[in-house]
Amino acid sequence: MEFNIKSGSPEKQRVACVIVGVYESRKLTFAADLLDRISNGFISDVIRHGDMEGKLGSTLVLHSVPHTLCDRVMLVGLGKERDFRAKEYREAVRASVKALTQTSASEAVSYLSELTVKKHDVEWMIEQATVVTLDALYRFDRFKSKQDESVREPRKLTLAVPRRSDLADGEKGLQRGLAIGNGMKLAKDLGNLPGNVCTPSYLGEEARKVAETFGAEAEILGPREIAELGMHSFLSVAKGSAEEARLIVLKHHGAKDKNDKPIVLVGKGITFDSGGISLKPGEGMDEMKYDMCGAATVLGAFRAAVEMNLPLNVIAIVPTCENMPNGNAVKPGDIVTSMSGQTIEILNTDAEGRLILCDALTYAERFSPATVIDVATLTGACVIALGHIATGLYSNQDSLARELLAAGEEVADRAWHMPMWDEYQEMLKSPFADMANIGGRPGGSVTAACFLSRFAKAYDWAHLDIAGTAWKGGKDKGATARPVPLLVQFLQDRADIALGNVVRRGRPRREAPEVADDEQD
């Protein structure tokens, strides 16, 4: 779909649909009020008769509104004005896009992006409208023999800004939103692919395509090179499958000084997780294709960063393989030596994500990173603790944790800081090796993070457990692309710091605009 930024009065838009908002108090937004006045109270009459109450997310499409040039006017409920914040704004935008796909309108102009959201500016409004729109329009129908013709994606969406002087900021927000949306689409596409398509080698080739498209560096290592690095923990998982392992390394040299310490993103890439010899139950095992969503979101965030050409050095590392139970598979009780030299007793082969991540974390040391963030669908225990709302966040630096929490809040991709006290480390003791790969059922998400922390002592490190947030089940089944928005916002914040800018946290914006004659298109 094509996006555009425009400043102009709603009644002068010769387009298939104009989108405006209505509050629950029946108060019209600035753009809706302009349409109401030009139509001699047509919209007010509709509201007065109770056809639109303004409840958040409700929509009503009006045809042939008098004295306007558009074919339709869509009214979107915004809820109570005093409660209208970032969350409500996103919900209203999403509702408008969903309703638009149920019409035959091929073009629309949305004035929701002109609304006032406390502490947020034009750039943020446009960015978020773009991200939400792309997310709402996303469909994964690659393997459908027939397309769903009941949903019609508009050809063009124009997002309105209050004044001509806002066009430049609006364009910045649009480009950021497109980059984030494209990164999310990549993450969702990779996550939704079946395991017989999205194999480790396929993931490696898709990563290479991203690098080639944006001029980044790509290095894809196979089993021989991985073994030469001493990544025997990683390979212990991979050897149970006929699919060969890959270690994907992508590099973006965006900083002025190419020697600046990079930010390293590490993503767990188990393209299918049967559990190995510690076999999972059959029910729901199909969803274990999503066990590579850590890898998918790291690649998605990397794609967004390079598309935005962030002035940072960013490296993505993805260890990827299958966890399968063939005759060569690792067994409970086996002991392996990690790349770091630390030995691991494998008590449960279904705790395999940490076994591939630990070697990737050791590998990251060679880049002398400023920060390392690993992302993984690591533990069911995190789902029990936090449900499907928040990502579990662990870190060896509280300041880094605060940065990530703030980034997540800014873009509605929330995380929660979990404890990682020394007492939990005791649960990983093994009588035969330096550590066991599990610490028992209690505190399973914490002990998994504690395990990883033993391989991340050389740098500032954070771990995002996305087992509860990476995908949805049920009727809305599919990958969510979380935490791509959080990661990209974090990278943008670090880029602002590198440039000496104040970290962008929703700069205050003007109140409802007054549209002057010379500002109308």
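Note: Cβ is positioned from N, Cα and C throughout, glycine not excepted.
In sequence order, VAL237, ILE270, ASP273, GLY276, ASN323 make up the list of same-chain residues 6 or more apart from GLU352 (Mn(2+) 2 binding site) whose Cβ falls under 8 Å from its Cβ. The annotation Mn(2+) 2 binding site is assigned in Swiss-Prot to LYS268, ASP273, ASP291, GLU352 on the grounds of sequence analysis.
The Mn(2+) 1 binding site annotation in Swiss-Prot covers ASP273, ASP350, GLU352 and is backed by sequence analysis. Long-range C-beta contacts of ASP350 (Mn(2+) 1 binding site), restricted to its own chain and to partners at least six residues apart, with a cutoff below 8 Å, comprise ASP273, GLY275, GLY276, SER278, LEU279, LYS280, ASN323.
According to Swiss-Prot, the feature active site maps to LYS280 (among others). Note on LYS280 (active site): other Cβ atoms within 10 Å of its Cβ, all shown chains, come to 14.
The annotation active site is assigned in Swiss-Prot to ARG354 (among others). Residues within less than 8 Å, Cβ to Cβ, of ARG354 (active site) and separated from it by at least 6 positions along the same chain comprise ALA376, LEU378, ASN437, ALA448, PHE451, LEU452. In the three-state DSSP reading, ARG354 (active site) counts as helix.
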Query - Check: same-chain CB within 8 A of Mn(2+) 1 site center, minus ASP273, ASP350, GLU352 - result: VAL237, ILE270, SER274, GLY275, GLY276, SER278, LYS280, MET288, ASP291, ASN323, THR349, ALA351, GLY353
**Report entry** For the Mn(2+) 2 site built from LYS268, ASP273, ASP291, GLU352, further residues of that chain with CB within 8 A of the site's CB center
**Finding:** GLY269, ILE270, MET288, MET292, ASN323, GLY353, ILE356, ALA376, THR377
